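Some features that TrEMBL has for this protein:
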{"type": "DOMAIN", "residues": "289-402", "note": "domain 'Plastocyanin-like'"}
{"type": "DOMAIN", "residues": "578-681", "note": "domain 'Plastocyanin-like'"}
{"type": "TRANSMEM", "residues": "12-31", "note": "transmembrane segment"}
{"type": "TRANSMEM", "residues": "52-74", "note": "transmembrane segment"}
{"type": "TRANSMEM", "residues": "86-105", "note": "transmembrane segment"}
{"type": "TRANSMEM", "residues": "138-156", "note": "transmembrane segment"}
{"type": "TRANSMEM", "residues": "162-180", "note": "transmembrane segment"}
{"type": "TRANSMEM", "residues": "206-223", "note": "transmembrane segment"}
Amino acid sequence: MFEPSIALYDDQVNNDVTVAILLLALWAVLARGLYRLPFRKTAHKLRRASRWLFAGTVLAVLLVPTRLVTILVLGGYGSHFAMDRLWIGMPLAGVPAIFALVLTLPRLKRFAVEEVPDRTAAPTDEQRLRAAAPAISLPARAAAIGSLVTLVRLIFAPAPPLFVPVLVTLAVVGAWVLVLSRRHRARTTGGTVRPMLHGRARTRRNLLGTVTVLALVAAYAAWDWQASRLPDSYSMMDHTMTYGSGPAAGHGHLAAGSTRTTAESISVADLTGPRTGTPDKRFTLTATEAKMNLSSGAVIDAVVFNGQLPGPELRVREGDLVEVTLVNKTRNVPTTIHWHGIDVPNAEDGVAGVTQDAVAPGKSHTYRWVAGQTGTYWYHSHQQSSTQVRRGLFGPLVIEKKDAPQPANVKEFMLSSHVWDTDKGEVTSLNADDTLRREAVAPGTPVRIRLVNSDNFLKTFTLTGAPYKVTALDGNDVNAPTDLSRVKLPLGGGGRYDLEFVMPDGPVRFADLAAPQAGLLLSPDGKGELAPLTEVPEFDPTRYGTALPTEFGPDSTFDRSYELILDNKPGFFDGNPYYLWTINGSVFPDVPMLMVREGELVKMTIVNRSFLEHPMHLHGHRVLVLSRNGKRVTGSPVWLDTITIVDGETYEVAFKADNPGLWMDHCHNLTHAAMGMTVHLGYENVHTPYRAGRATGNVPE
Ligand SMILES: [Cu+2]
């Protein structure tokens, strides 16, 4: 069977759109030519036109199976990549094409082979009437209309369930063609062909038509523009809710539209970590505005924690009660701290307007939670995160294993790959190093690189000079990792890798391929050179390490399942025009809240049919990857908190609903999240007292 290539997905979409555009162009030209056929000046010209139109119609009819092929190729990526195209594109192209084949072509053929005794003679009335028959031009006009509507629906692709949008689309075209067919019949009443409008009458009619269409489009756009404005103050509880495949929540559930604070309802504010007890680790993170320098000297107008770029590394031990006090000493940057990848109690999650109010300048806020996981994590602002994280309000966080603390001789490098806005433009760096960083490491030393992608986009990294293991994904240990050498490591925004190797006698080079001149060079004496690897295959975490039993898996029975279709379309977000990043065809806050009940096993299928990757980050839960692009995980179990779904990909993931609250599930390309690629996971009987929106000062994304 045909194996779809993810790398070629964008090309396949382009192929399909190109065929759809060709169909429109060809049918539009044919429709015009066929409609004017009765008005050819001579019988000879009528015959010549018929021949061209015959050839053109054959070509257009042949494009229909071509489109079917391009749609089926997309279907190879999964049904969600093809179904809307199939159900809309095929009837709208196929039905008129069949009519053209059966009705138009034989009639054109007759004109094409007819004897023309006098080349200068005008067509007879009988010929004109025949040329004006609806059978000649109506199929082509219907095909042109169908192709136009098909293209519009390619730009505004409907998300499942498809039944209603497909039916409405087909009905609109059907009604349009019906009106046209009535006018066609009126064209030949009385035994003559009614002449076409000419001169000013024609101009007036065309103008009227154009103005009407533009007015309708403008009216819709104006309504959409206004409707997209976010309220000045809104609650996440205003969302509509969806229950996926599972039952709607039972007795005492929070019905949509109610105030949703029943007697049994728990406030997010009460879902805190331990409020009492002496913390094992205590930190203070003080936010300030500061001009910061990268190693090249580039200057950043930054907001930082404790004057550092990135923020200080917080290192705790598994089981520790951690207390972090955020002190906001900025002049005008209200902020919060989110513990990315750590399944803290909901009230400690740090999302402004959902789990707390943003901490205003001059104020402070204390987070307390117990470190229940181990590995590499990071913390960052979740107030206006798309600008605040970019400007520096983030830092690394490590939770060491309780029973297996890190040996003292391990040389560790904590690296955040980031993109900064500097006085020299956009600069990619590892921590604050946008030039090559050199370090002396003695041969034989165990080395660990903890890598965080704190940027928005998928990055690709390589390590050259020593065989190495990927020992953790998003902080979660890989079971029995094997040595890697000639691969590149893709990592989506928000994701983490732990890499381990033993320092060899020669140099080792770690590089972000987006900035190969920078990176890290380790050698016994801190000198030497080594170019980064570039043209090597990509590492696939779903085929790495050794399988291990998990408490649930692809064959489990799920209590509830959800489908998230990631896509894009033009539209408005909060009153501004954008190319929107949509979830199931909608943007925040119109994406219904995904409801779960505590204890449920939930499956999520995430399909990316947009043209960019989306690192989807579910707060408060680790998810287990069940399959990637229809293939089950064959290596070590893959537990992630940030699943990077590249365009053309489909992931099936599952998680246990074991952390009650209201949790964001959003794209960690934070500009996408800020423009609508955000949904919430809601537990039944949990409500938030916090509100978001301009008037509240809380802007989570
Ligand atoms: Cu995204």
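Positions of Cβ are set from backbone N, Cα and C atoms, glycine also.
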Selection from 52-74, 162-180, 206-223, the stretch that has most Cβ pairs under 8 A to the transmembrane segment (138-156):
162-180
Can you name the far-off residues of the same chain, 6+ from the ends of the transmembrane segment (206-223), with a Cβ under 8 Å from a Cβ of it?
572
For the transmembrane segment (162-180), what are the same-chain contacts with Cβ under 8 Å, counting residues 6+ beyond its ends?
83-84, 87-88, 91-92, 138, 141-142, 145-146, 149, 153
For the domain 'Plastocyanin-like' (578-681), DSSP counts of helix, strand and coil?
5 helix, 55 strand, 44 coil
Please work out the mean pLDDT for the residues of the domain 'Plastocyanin-like' (578-681).
96
